[in-house]
Each structure stands twice: as C-alpha cells, then as structure tokens.
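As structure tokens, the structure follows; a few thoughts come after it.
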Amino acid sequence: MQSSAALSLSQSAAASTIPKSNYTVNHSLPFSPSKPINLRFCGLRREAFSGFSSLSRSRPPQSKIRSHKINSPILASLSDNGSAPKSFDYDLVIIGAGVGGHGAALHAVEKGLKTAIIEGDVIGGTCVNRGCVPSKALLAVSGRMRELQNEHHMKALGLQVAAAGYDRQGVADHANNLATKIRNNLTNSMKALGVDILTGVGSILGPHKVQYGKRDGSPGNIVTAKDIIIATGSVPFVPKGIEVDGKTVITSDHALKLETVPDWIAIVGSGYIGLEFSDVYTALGSEIIDVIDWVYLQVTFIEALDQLMPGFDPEIGKLAQRVLINPRKIDYHTGVFATKITPAKNGKPVTIELIDAKTKEPKDTLEVDAALIATGRAPFTDGLGLDSVHVERNRGFVPVDERMRVLDFKGDPVPHLYCIGDANGKMMLAHAASAQGISVVEQITGRDHVLNHLSIPAACFTHPEISMVGLTEPQAREKADKEGFEVSVAKTSFKANTKALAENEGEGIAKLIYRPDNGEILGVHIFGLHAADLIHEASNAIALGTRIQDIKLAVHAHPTLSEVIDELFKSAKVKANASGPVASEPVAV
Ligand SMILES: Cc1cc2nc3c(=O)[nH]c(=O)nc-3n(C[C@H](O)[C@H](O)[C@H](O)COP(=O)(O)OP(=O)(O)OC[C@H]3O[C@@H](n4cnc5c(N)ncnc54)[C@H](O)[C@@H]3O)c2cc1C
Ligand SMILES: NC(=O)c1ccc[n+]([C@@H]2O[C@H](COP(=O)([O-])OP(=O)(O)OC[C@H]3O[C@@H](n4cnc5c(N)ncnc54)[C@H](O)[C@@H]3O)[C@@H](O)[C@H]2O)c1
C-alpha cells in the first residue's frame, strides 16, 4: 500500500506506477526474484563488492552450505540436529550496516542487547557512501553557486560579487570527504558502544543462524542469534534496454563522484534523484550562449508518467515546476519511456529511444552528451538464504507486516526474523530505515511498537527545498470518500514571512490538508526556503496525534521561518466543538 507522497515516490518506479511489461526479461532483479542480479545494470555494486566476486552467481545453494563441515568454535552453541540452538552467540544479529542497521544496532546496545552487525562492503551503506550524504554535499555547493550567480538576487541584497566559479575536483572531494567522515563516525559509534562488526556477506542458514564470509561459496563463519534483522538495502534500478557504461550513461552511484559535469545530460526519471541532480547540473553546468543568444539546454528530463515529479502533491509539483524547472535550462518529455539508451562511442553521442508510455509507439530519438538513470531503486536481497525460512520475495522485496516481521510464503510471520529499510520497500528513506530498526528493537525488548509511516517526513533538497508528510490532497480526498469525512485545505505563503523576505527568498508555500470536524492533520507539504527543516513540527504532530486546535496555540519565535507553519495551523478552520481524540487512528503501513 502506498501511504504517502514519499512512499509513492519510493517504490513507484521500480514497482507500481510503471507497467511491468517494460521491465521484463533482461533486468532480472525487480521482477524475477529468483534470477540473479544482472551486474551490468548495477553500476558500482560490482566494484563495491569486489573481493566477493559476484552478487548471486557465487552464492552456494542452501544444501551446499548445510553440508559444509564448519570448524568454527562458535558452532558449539548450535544443536546437532539442525534445529534452533538452545543458547545464542548474540541477542541480535543485523545483516547490513547501512543507516537502517546502524540505527537498530545503536538502539539495541542501549537496550542492553549483545549485538553484532554483518557488513559485506563498507559501513554506512547507500546513504553514507552513495546517497544522502555525498548528494547533500553536492547540493550544498550547487545552492551557493546558484545564489552567487543570481545577479538580481545579489543586487537586491546590496551585494556585489565577482563572477562565481568552482573547481570540479574540489567539489567532488568535498562530497567524498564528507562520506568518509560520516562513515568513520558511524563505525566509531558502533565500536565505542560494543557492537561487534563482522566483515563478510551474510546469509540466513535457518532459524537463528547466520553465515557470513566471502561470496565465492567457501565456508564462512556461523553465528547464532535470538533475533535477526535483515537490513541489506537497495541498488539503482535500471530498466531493460539501457546500457550503463559508468561514463556517459550513469546511475547516481557514478554521478555522485562528479567526474564530469556534462554540457547536456538527459535525466531519466523526475523523482528525488532526478530532481536533486537537475539542481546540481544546472547550477554547475556551462553557461554557453551562442551567437543568436540561444541558451543551450543543460538538462532534459524523460518521465514515464504524464507530469514531472509525479510523487509530489500535484499543487506543490506545479509550483516546483514553475520555480525549479521552467526558468532553468531544462526541458522535458513526459508520458514517454526511455526504452533503449546507448552510451557515447567513437565520437557518437549518447542516443536515447523514446516510446509513448501508453501506445508504446516510437516517439523520438534524442542525442545528448550523457544520461543519468534515476528510475528508482531495486532491493538488494539476492542470495540471502530466505528459502531456508520459507520466504518468497515480492519483486525482490522482503515481505513484512506492520511490525517489520518477515512473512513466509503463507503470509505468517517467521519467528525472530525482521527486515527493515530499502530491502522491504515500505519507504525508501534513510530515516525510515533507521526508525524501522528502532521499532523492531523496541518489540524484541518487550515493548510492542508499530511505526506510523504516515508520520515519516520526506524532503527533496533542491533550491528551494520540497518537504512533505502524510497524504497528498488526492490521497486524502480518496480516503475521505471511502471513510465518509470532510477534507479541508489551508495554505500560507513564504511571501508574508519576515525572515524569508529578509533573505530575499519569498518564493514558496505551505499547504495543510486536514479534517475540519476533529482537527486531525492528514498531510503537510512545503515548498520554500529550508522546507526540509520546517516539516518536523508537522511530522511530530502527526506522530503524537496532536490536533490543529492544540498546536495552533504553540508559540513560535519571531522572526523565523517556523512562523510559516504557525500561520498555516492558525489559518485552519477547525469546527468549534471539535474535541476528543483524533477520530481515525494513525494508519501503519
Ligand atoms: C542518490 C541518493 C540520495 C539519497 N538521498 C536521501 C536523502 O537525502 N534522505 C533520505 O532519507 N534518503 C535518501 N536516499 C535513500 C537512502 O540512501 C536509503 O533509503 C537508505 O540508505 C536505506 O538504508 P538501508 O539501511 O535500508 O540500506 P543501505 O543503506 O543500502 O545499506 C545496506 C547495507 O547492507 C549491506 N549488505 C547488503 N547485502 C548484504 C549481505 N548479504 N551481507 C552483508 N551486508 C550486506 C550493503 O553493503 C549496505 O552497506 C538517497 C538515495 C540515493 C541513491
Ligand atoms: N532527498 C531524498 O530523500 C532522496 C533523494 C534521492 C533518493 N531518494 C530515495 O531514493 C529512491 C530512488 O530515487 P529515484 O529518484 O531513482 O526514484 P523515484 O521513485 O523517486 O522516481 C523515479 C521516477 O522515474 C520514472 N521512471 C521510471 N522508469 C522510467 C522510464 N523507463 N522512463 C522514464 N521515466 C521512468 C518514474 O515515473 C518516477 O517518476 C527513492 O525511493 C527515494 O526515496 C531520496
């Protein structure tokens, strides 16, 4: 079930919004769970896991693993007949040390659990090494470049700046150094708290048993644990027909290294990654102007759905298009699939064949300098040994219930086995992965906990930023029709906010979707300066079940951007007699 804008963005490309027929046969991961990952489409994963040869080819069949004679002393705690051991090496073993695994590990030691984490590559996973962290470093630079290059803006502030420039390698180093720093922080935090970091590729041998070692099938070490969390994350999803060479046809894994800033790049997919990289490329891109004053394009979006940014609230999406797309050197093709993309070779440019998303008729062929494939992410779950616990994956995602308990092929929870983060596909965001991990630890230490995914915020770090929590307006209206309640919408503008105007950044709105009968907050969407920071008042309110009639009495410092949200809650028209608990309980997804 897609429960929020963030969720619909996260799984949309790889799972639900794109007709499956476009992704059959060649790309094995998302829709043919039993087949191995096609490494050609996995960008840096091949390099990242060098040392373990290939991802699934080398995973031995379960029967082979079981027949290994393993001499590890750790085996003393395994019972001879293959059934669950009576005592365990650890209370908790986590497979995958990304942000999800890290969040779970830290919370587990806080709760007094003896904890180990198994990592097959580098600590920090996607977010730290190939995702949130380096991308935000690039966006920090693009934001400053954009501001410094905006003469009108500078003049309005009374500032004079000589031509702004940048050193590409310096920017790339900033991103890489930040990733290294955060990775070290994560590693040190786990070591300091006594989490055992076990190096190797983990797989499940059966209830309570995990093997870790090389991917080449040689016998690994076995550890036992009372509870096991799978937190193996995701890799870039590349539709079939698209050939990634890592130089001219790239995924985010490559783009984050900023080895080049192409003059003209096609970005396939206008979700989070596409949008954030369009911000980077248009701020760092060339300023070529030819003799007839024709400004060259820097970015061409290719989007399968009918509008750009299909995962956002439509009204916010329209405003974002007016500010983030139209005035920049960006054009776009919507309602088309990129079916074949061929890297540049022998002086020929990258070619992109487009077909109409509905009729499947050929539509156009583009020739560009480079193409970034930003069509979603695929779960990284091959070779995990899930068959040993009778689990069938769903397009590669590990099926879980609302408590992140892994479900077997009959739909029943597998005792003591959980899956968090991108690998379960509920909400492909770093903080969601971590929150799910904490939720699991709460449960295994005796406190039942269901995470309300509708309270998890999401943000796109463009300039200005976009943020959201809860339902979009169409989602809220659909729910209201089904459940029979009224929906109201309130809006405030950044144009009326003193702090935003002082910064000369008055472009933006905040939108509240709510129930006028009881004051329940259904969704909040913000487009404007520091939207990513502003969303938390709303997400905390949803998480705690706070109603508008209560939160509107809260006091905000003046002058701050937070007053945009204060105004938003104050402008909502909740019925005078609204009282009592929020009528509809938070929905866990
Ligand atoms: C370009 C980009 C930008 C992003 N920006 C943001 C952002 O700004 N905010 C945000 O919230 N999210 C962002 N995301 C999404 C975020 O990175 C992911 O949601 C998050 O990393 C998921 O965390 P995870 O712990 O589930 O998986 P991962 O971070 O992918 O970690 C999984 C780990 O498991 C390891 N592993 C896999 N299989 C095995 C195995 N069998 N044995 C041992 N180890 C294994 C992997 O090596 C990896 O280290 C971004 C993603 C990308 C690609
Ligand atoms: N700031 C953040 O929080 C942040 C930043 C980057 C990435 N992420 C996470 O990473 C994940 C992946 O991001 P993403 O942008 O790749 O995915 P996405 O799901 O956000 O967007 C993918 C887009 O590609 C389109 N698409 C798919 N196949 C296509 C094709 N063949 N031709 C044309 N268009 C096609 C889809 O319609 C969709 O709009 C997301 O789930 C997101 O949660 C988060």
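Note that Cβ sites are derived from N, Cα and C of the backbone, with glycine treated the same way.
For His558 (active site, proton acceptor), the count of additional Cβ atoms within 10 Å of its Cβ stands at 10 [all protein chains shown]. Under the three-state DSSP scheme, His558 (active site, proton acceptor) falls in the coil class. Annotated active site, proton acceptor per TrEMBL: His558, in sequence order.
Shown in sequence order, Ile95, Gly96, Pro379, Phe380, Thr381, Leu384, Gly421, Ala423 are the residues of the chain, 6+ apart in sequence, with a C-beta less than 8 angstroms from the C-beta of Thr232 (FAD binding site). In the three-state DSSP scheme, Thr232 (FAD binding site) is classed as coil. Taken from TrEMBL, the feature FAD binding site applies to Lys136, Gly202, Thr232, Gly233, Ser234, Asp422, Met428, Leu429, Ala430, His431.
The feature NAD(+) binding site is assigned by TrEMBL to Gly269, Ser270, Gly271, Tyr272, Ile273, Gly274, Leu275, Glu276, Glu303, Gly376. Cβ environment of Ile273 (NAD(+) binding site): Ser135, Ser252, Leu372, Ala374 lie under 8 Å away, each six or more residues apart in the same chain.
According to TrEMBL, the feature disulfide bond maps to Cys127-Cys132. Secondary structure from DSSP puts Cys127 (disulfide bond) in a helix.
According to TrEMBL, the feature domain 'FAD/NAD(P)-binding' maps to 90-437.
Among the features that TrEMBL reports, domain 'Pyridine nucleotide-disulphide oxidoreductase dimerisation' is placed at 456-567.
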Residues of the domain 'Pyridine nucleotide-disulphide oxidoreductase dimerisation' (456-567) by DSSP state, where helix covers H, G and I: 42 helix, 29 strand, 41 coil
Span of the NAD(+) site, taken as the largest CA to CA distance across Gly269, Ser270, Gly271, Tyr272, Ile273, Gly274, Leu275, Glu276, Glu303, Gly376 (Å, rounded to a whole number): 15
Among Cys132, Ser234, Met428, which are recorded as recorded positions, the nearest neighbour of Leu275 (NAD(+) binding site) by Cα: Cys132
Longest CA-CA distance among Lys136, Gly202, Thr232, Gly233, Ser234, Asp422, Met428, Leu429, Ala430, His431, per record bound to FAD, angstrom: 30
From recorded positions Lys136, Ser234, Met428, Ala430, His558, the one whose Cα lies nearest Gly271 (NAD(+) binding site): Met428
The one of Cys127, Met428, Ala430 whose CB sees the fewest other CB atoms within 10 Å, among these recorded positions: Ala430
Chain-internal residues near Ser234 (FAD binding site), provided their CB is under 8 angstroms and they sit 6+ positions away: Thr126, Arg377, Ala378, Pro379, Phe380, Asp422, Ala423, Met428
DSSP three-state assignment (helix, strand or coil) for Glu303 (NAD(+) binding site): strand
